[in-house]
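Down below is the structure, laid out as structure tokens.
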Amino acid sequence: MIEEEVLKIIKPTEEDKKGIEKVLEIIRERLNKLDFEVEGSFRKGTWLRQDTDIDVFVFYPKDVGKEYLERNALNDIINRIKDLDYTLAYAEHPYVIVNINNVEVDIVPALRVESGDKAITAVDRTPFHTKYVTSHLDERGKDEVRLLKRFMKGIGVYGAELKVQGFSGYATELLIIYYGNFRKVLEEASKWKHPIKIELTKPMKIFSEPLIIPDPVDPKRNVTAAVSLKNIATFSIAAKYYLKNPSIEFFFPSKKVEEKVKGDVLILRLNLDEKSSEDIVWGQIKRSVNKIERALKQYGFRVIDVQAWGDTNNITIAVQLESKNIGQYYLNIGPQYYSQTIEDFIQKNDNIWVGEDGRLYSIKERKEYDAETIAKKNIVLKVKYNIESYWLQNTEDQQIMKFLRKTPTWLK
């Protein structure tokens, strides 16, 4: 079976585990005497081979408050690991990423709380997530989670960060706990129609998102609140097609695709001068994408697609139009002859005439008819950046090729 082949590739070996334990030993020595725990997929046994980020949580008494985590706790952690290769990262509050032997370790300060529903910061729930998952999954269940994670990665819907708006690792674990195995998740997902409710516990509030999985450790929270409708639909379609025709392509899609340029494609390459939180940057990028699309449509361009990809430093925005050429003048449709607004229309316009349908018309000059200028004006990044822009002629860039192709390789 395809799943068994995939498991051989993605399931960590004993050698892999020993390598991670060596990395953890270095971290344990540095955090000696602190209240810390290993969390995340490694602790839960659902991690993927060659795709290991270790989460280490350092806990402080809840009465010290969130500000203490951002200053004192963070400084304490940095002082203990400052001779290692580390960088600062930002989520709800700052944390440290340490790189040891090409393994990333996230060291996250958190508050020690009595239960998941008493969480003060988002990460305070994590140990309760770990306990819930480890108490509900056996070894086979952990492999089923691995398959679901790799499937979601392959089709591009894995990751709860704003850039992806997909499924978190915890969400995949809950799906396996609820449905039982990988195949059963796909069978049910192939029939989804939103709103979808998956209740391992009764919700403590009304949720409005398209996919609702109340958190078993904090029923006031929807685990899948961040999952976009686009990713829910993509997962449902992929599930349907995999069940009809299983293929390793769903798990490991072809890296090379080819497609010719259709319409006119504007490429905007953004290089950010400042480091910032990934979610903050991608929140602004997503607003920029929406704003660019709306503005171009308002000015009369026929927009095929606008997408963005990249990291927190280098971002590409691709704009595909039916044509970049648009007239300097356009037909302005006015009111019917009996409307009370005709005087206002006549006063504000030139080149006015009455059409065969009894409606007033005029010719108006567009305020802007250069698509490149419009796109650049509607980028709303709040950090300093440099921009390079060009109209695509041909390319070997695989991300651009995927943008041009649209259809994922697992679908066709």
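Glycine is no exception: its Cβ is also placed from the backbone N, Cα and C atoms.
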According to Swiss-Prot, which candidate in Asp16, Asp106, Asp117 joins Asp53, Asp55 at the Mg(2+) site: Asp106
Tertiary neighbours of Asp53 (Mg(2+) binding site) (same chain, Cβ under 8 Å, six or more apart): Gly40, Ser41, Val103, Glu104, Val105, Asp106
Do me a favour and check the Cα-Cα span between Tyr158 (ATP binding site) and Asp55 (Mg(2+) binding site); whole Å is fine. 18
Cα-to-Cα gap, His129 (ATP binding site) vs Asp55 (Mg(2+) binding site), nearest whole Å: 13
How many Å separate the Cα atoms of Lys44 (ATP binding site) and Asp55 (Mg(2+) binding site)? 11
Helix, strand or coil at Ser41 (ATP binding site) [DSSP, three-state]: helix
